[in-house]
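Written out below as structure tokens is the structure these notes cover.
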């Protein structure tokens with residue numbers, strides 16, 4: 001294989017890598033901003049592949065003597081549209097009246113059509129250069145699939161967590177532009193263009209490359225602007241991990257944590273949430289010495305648990321080390337959780353909660369389950385019958401489990417699905433709720449795998465700002481406008497809770 005053919009085959013590797021990268025960026029961005037990762041990735045992939053098919057069909061109309069020139073144009077267009085896609089979508093989503101979904105799928109379609117034209121053009125160029133057809137197909141497809149493999153590994157493990165979606169988009173746009181420049185230079189004698197036209201193409205390539213380089217350099221600023229517009233407050237911490245996007249904002253004395261764009265707490269009223277989550281269970285298991293926290297990487301549930309001097313050990317299991325590190329070291333956040341992670345009674349385990357429960361042998365008097373809302377299947381499995389059965393093996397016969405369970409007012413089917421799932425897993429349950437102004441009416445469920453009775457506490461042995469005998473009594477009483485609907489338990493094979501959650505919140509949130 002001569003040098004020109006080898007370089008064209010190498011271009012296939014880069015083209016395939018970039019094409020899959022834009023698909024992954026669009027899917028990840030849609031999941032981050034719109035939720036429901038299964039639906040978003042499925043629809044993005046379907047639209048992208050359909051558009052690639054259109055592009056492959058359209059490529060037949062490119063004249064043989066214009067293949068190289070059109071390939072250069074394609075690479076510049078793919079680099080431009082693909083490179084700016086993440087930044088443009090981030091900024092667009094922050095505009096309330098913007099047609100985000102329309103623009104998202106329009107971009108996916110345009111990029112898909114352009115990418116779909118690339119490989120057929122390369123194959124035709126190689127065929128015209130006397131490459132044997134059987135060798136041509138095998139080499140092109142081999143490097144096509146190798147490029148896809150490389151990006152499918154690098155994107156979730158390195159690129160997205162270290163560079164972020166916006167900078168990753170610009171990086172791959174630069175790769176497409178580099179292929180265009182290299183093709184323009186190496187095959188300049190075969191382009192069949194005048195020096196003036198070649199100069200115009202080089203000028204266009206330079207402009208696209210300069211724009212993408214500027215975007216790459218300004219990626220953090222662009223992300224900050226878009227998230228500032230989205231959240232409305234000053235951003236004091238913004239971290240991308242392999243698992244999620246963490247953003248902490250501040251307005252006056254109000255600190256707020258967002259995970260993948262969803263509010264997790266406001267420092268103005270989080271004490272209501274965390275007192276309601278933790279204190280009824282710990283007051284009801286008077287001799288609780290060992291406590292398990294699943295999730296809760298902000299340390300705010302820990303703060304409430306550590307008020308009890310009889311608690312000897314707390315194990316906190318949170319998937320994301322970036323989360324627990326942030327709330328262990330950032331000054332304002334450490335002050336909020338009152339240095340909970342520095343308490344010698346606390347052990348932090350950064351692991352998947354389900355996998356940790358399968359291997360651990362520890363037993364606990366109280367288990368606090370404070371996972372994010374079940375907005376996708378990866379979180380929904382942590383609200384399933386098998387998970388709760390696994391958890392019950394680690395709770396003492398007289399112990400209690402408490403679970404944050406979304407809103408019984410805004411998401412009634414989701415809330416009562418958690419209750420039904422716990423019952424299906426063999427627990428007795430005592431549902432309750434509390435008003436948290438930043439969330440609205442929020443729900444929790446106390447559950448016991450062994451004990452048969454529970455009475456809401458009438459006094460608290462630790463200082464409280466929200467709970468007393470009256471508020472506790474009210475928490476365990478449901479008004480007529482929060483009835484229990486008919487729901488099915490959440491099992492791994494149906495993930496009904498994720499469906500309920502999406503349907504309940506549709507129309508409540510954007």
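Any Cβ shown, glycine's included, is placed from N, Cα and C.
Quick look at what Swiss-Prot lists:
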type	residues	note
DOMAIN	205-449	domain 'PABS'
REGION	207-456	region 'Spermidine synthase'
BINDING	244, 318, 352, 353	S-methyl-5'-thioadenosine binding site
ACT_SITE	370	active site, proton acceptor
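Features as recorded by Swiss-Prot, highlighted on the structure.
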| residue | record | contacts (Cβ under 8 Å, 6+ apart) |
| --- | --- | --- |
| 244 | S-methyl-5'-thioadenosine binding site | 259, 260, 320, 323 |
| 318 | S-methyl-5'-thioadenosine binding site | 294, 295, 296, 297, 324, 348, 349, 350 |
| 352 | S-methyl-5'-thioadenosine binding site | 319 |
| 353 | S-methyl-5'-thioadenosine binding site | 294, 295, 317, 319, 371, 382, 387 |
| 370 | active site, proton acceptor | 277, 293, 294, 295, 296, 301, 404 |
Around the recorded S-methyl-5'-thioadenosine site (244, 318, 352, 353), other residues with Cβ within 8 Å of the Cβ centre, ordered by sequence, are 243, 295, 297, 317, 319, 320, 350, 351, 371
Check residue 370 (active site, proton acceptor) against DSSP and tell me helix, strand or coil, would you?
strand
Averaged over the domain 'PABS' (205-449), the pLDDT of the predicted model comes to 94
Restricting to the record's S-methyl-5'-thioadenosine-binding residues (244, 318, 352, 353), give me the longest CA-CA distance in Å as a whole number.
16
